[in-house]
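Here is the structure we will look at.
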Amino acid sequence: MKMDVMSFIMNIINVMINTIIDYLNVNRVLALLMAFLMAGGIASMINKNFIIKYFGSNTPKYISYTVAAVSGSLLAVCSCTILPLFASIYKRGAGIGPATTFLFSGPAINVLAIFYSAALLGWDIGFLRAVFAVVVSILIGLSMEIIFKSHEKKRALRVPKADKISDRPLYQTITFFALQFIMLLVITASPKLFPTLSMPLYDGFLLKHLLFIILGIILAVTTKIWFKDEEIKNWLRESFTLLKIVFPLLIIGVAIAGAIKAIIPPSYIATYVGGNSITANFIASFIGALMYFATLTEVPIIKALMELGMGVGPAMALLLAGPSLSIPTVLTISKVLGKTKALTYLGLVVIFSTICGYIAGIILR
């Protein structure tokens with residue numbers, strides 16, 4: 001009996017270690033690096049008033065939520081990679097509503113994932129995923145703003161309008177962030193959707209890695225020419241500060257997610273998420289909210305679960321909750337927003353994903 005328990009524990013530990021190793025592959029480490037550098041750039045280079053102008057709680061909702069949803073959807077990133085960017089804009093004065101809309105929309109309204117879902121699961125599922133993801137991102141943001149309205153009033157800053165994104169020429173700031181943004185897109189590009197970028201050049205060295213290096217050199221040269229040494233130091237300091245806060249929590253969360261996968265196998269999950277009951281959709285949403293899905297990996301996993309008997313509704317619930325949330329996300333959000341707001345965000349993601357999954361199950365049955 002003791003041997004069985006020890007074997008079980010050792011298996012879980014082994015899975016956790018392997019999950020961390022798989023997580024820390026070259027492409028993901030580079031993607032996280034770019035996310036932290038972009039976040040550090042937002043914190044140090046962007047005029048604080050400019051962020052408040054478009055993301056602040058006093059900004060008209062049709063502007064702040066549209067900007068938040070669109071900004072997030074342009075990033076083909078997972079729930080972990082979006083965290084440093086979310087932490088940065090919230091720290092700089094973004095309202096909790098637009099900030100959490102941005103947090104959800106990054107992984108959930110991922111344009112690449114939407115098309116990949118359509119290609120692998122069917123265009124009806126892909127289309128509904130896109131519609132529900134936009135709606136849910138805004139509903140979550142509005143709900144967070146309403147629930148924590150009193151706290152946001154205390155936090156809101158009355159600042160003059162900011163017409164400039166920064167004190168330097170606009171083209172320099174745009175180039176600085178555009179290069180990092182393109183580097184992030186290049187390194188996270190799916191080989192299924194962009195096979196050319198994954199063309200091997202030498203022993204695991206791909207075309208995307210060469211392009212990443214070239215863009216990195218251009219970024220380094222332009223930054224050195226345009227920015228003062230003190231500005232560069234502040235940028236790197238802010239990036240490293242975020243790295244120290246977020247990265248350990250990501251690793252802990254990924255390990256826990258790996259343990260959950262070891263304890264609850266997909267075939268076992270599938271038996272409880274067949275059909276289209278509220279319970280089945282809730283279970284799918286809740287499990288999706290705890291498990292970690294790297295960018296685009298949720299699609300083949302859900303396809304496999306559907307082949308094992310998962311209903312269309314629970315599959316949609318998992319498509320919405322899975323990529324947008326995970327244990328690493330919850331742990332990190334609690335550090336940025338506090339435990340109450342983090343758990344509220346978790347609850348809202350699960351609730352809205354459950355409802356949308358149930359509706360999808362009715363529409364697509």
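Any Cβ shown, glycine's included, is placed from N, Cα and C.
Residues or ranges marked as transmembrane segment in Swiss-Prot: 6-26, 32-52, 67-87, 108-128, 130-150, 174-194, 201-221, 245-265, 282-302, 308-328, 344-364.
Per-stretch counts of Cβ pairs under 8 Å to the transmembrane segment (174-194) identify 201-221 as the leading one among 130-150, 201-221, 308-328, 344-364. Counting residues 6+ beyond its ends, the transmembrane segment (308-328) has Cβ neighbours under 8 Å at 78-80, 83, 103-104, 106-108, 110, 113, 117, 121, 125, 128-129, 132-133, 136, 249-254, 256-257, 260, 266-267, 269-271, 273-276, 280-293, 295, 298-299, 302, 345-346, 349-350, 352-354, 356-362, 364-365 in the same chain.
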